[in-house]
Amino acid sequence: MTEATSRTYAESLDGSDPLAGFRLRFEIPDPAVVYLDGNSLGRLPAATADRISTVVHGEWGDRLIRSWSEGWMDRPFEVGDRLGAALLGAGPGETVVCDNTTVNLYKVLGAAMSMRPDRSTVVAHRGEFPTDRYVAAEVARSRSGSVKWLGPLDPSVPFPVSPVTANDVAAALHDDVAVVLLSVVDYRSAALADIGAITRAVHDEGALVVWDCSHAGGSVPLDLPGSGADFAVGCSYKFINGGPGAPAWIWAAPRHHGSMTNPIPGWMGHEDVFAMTGDYAPAPGIRRFMTGTPSAIALAAVDAGVALLEEAGMDAVRAKSTALTSYCIDLADSWLAPFGVEVATPRDPSQRGAHVTLRHPDALALTQALTDRGVIPDFRHPDGVRVGLAPLTTRFTDVHDGIASLRALLEALG
Ligand SMILES: Cc1ncc(COP(=O)(O)O)c(C=O)c1O
């Protein structure tokens, strides 16, 4: 057998990759670039420009304002249904594509808080993505409550590598906790939470749970209804390849559709959008999470990205993802560990998402030097080189070449 660190071995893995053909469905103008950041901004699907052109020239340019009644009004829900079915295990009418993740978090956290009016505490993790922490703090403050933080107090403690467990969460719960907010896949370590077990622990204490699926949507198959989750949000510009600033999504369990209230009650979430009289009356179902006017152009790009994942199938995406991350960890162990690089991602494939974070004191300088050489990962504070392995577009040879470049830089450092 060929040596596991050889390029020939990486080529053989690409040769037997059932998803290899999907890379050809993306625009890759510079094949020399080793792109390891598809978990931050996914690549451009080849179909996207035409899809956008149809909306711009055919719908906006030709049909003008008539396009709102000829399809645009329903598009956030049509794209939501498609995304929900392909990625979230959701049924029709459970998902909407709108706004950005931050705004959507504010909406669903506020809705969940209002469903527990006699409670005022939010549980969230200190290591959570900044926007989640800020929104959790603001929503709790606006209800005269507070956030009970999980995780270490000391900011100098390295971020945890293992997933938050149901026991960790249960230990923080008490009878004033209204909502727990957690990420499915941690943005730094890629640690993958057990949605079902944590959701059960939260429900046992009478609270609700909001899942941020930004790093899980399009990389890990989800079954939000089956896991018992209450609400979920996620972005569309990472593994979903919806483009920079692509609208995000919201999923809400059907059992909450009658009782949830949007704290940003906009006209597009009104039961009769064009009535324009009287007070706000929420639309039925997921539609009430709409705020203002959606972007028909941006929705076309999200739809093009979802279509590729739908075609590939999330089980195949996940199988390639775990193979890519395992291969990356093996190379890091062989080549980078001697230079003091630590793998800050769970080693058990069932406990991680689709990126690998490599910890080194010079992570920032290394990331910049890699980028200068055409190898593009990203840096995550305080000491992580984050290697994103988007399964539809990343080859095993990309992993090989990227980690080899990192080794060369470390060798040069001495
Ligand atoms: C885990 C997580 N949550 C939220 C966000 C913020 O998303 P947005 O910029 O769409 O508000 C990000 C952005 O990368 C993220 O990684």
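Note that Cβ sites are derived from N, Cα and C of the backbone, with glycine treated the same way.
Same-site candidate for pyridoxal 5'-phosphate binding, as annotated by TrEMBL with T101, T102, F129, P130, T131, D132, D212, H215, Y237, W267, chosen from T95, T121, T199, T293: T293. The record assigns T101, T102, F129, P130, T131, D132, D212, H215, Y237, W267, T293 to the pyridoxal 5'-phosphate binding site, and the maximum Cα to Cα distance across that set is 30 Å.
It is 12 Å from the Cα atom of K238 (N6-(pyridoxal phosphate)lysine) to that of T101 (pyridoxal 5'-phosphate binding site). Among the recorded positions Y237, K238, T293, no residue has its Cβ under 6 Å from any atom of ligand 1.
Most other Cβ atoms within 10 A: among the binding-site residues T101, T131, T293, that distinction falls to T101.
Neighbour counts of Cβ atoms within 10 Å were compared for the binding-site residues F129, Y237, and the top value is held by Y237.
Sequence-distant neighbours of D212 (pyridoxal 5'-phosphate binding site) (same chain, 6+ apart, CB under 8 A from its CB) are T101, L105, E128, F129, D132, L181, L182, S183, V184, A232, V233, G234.
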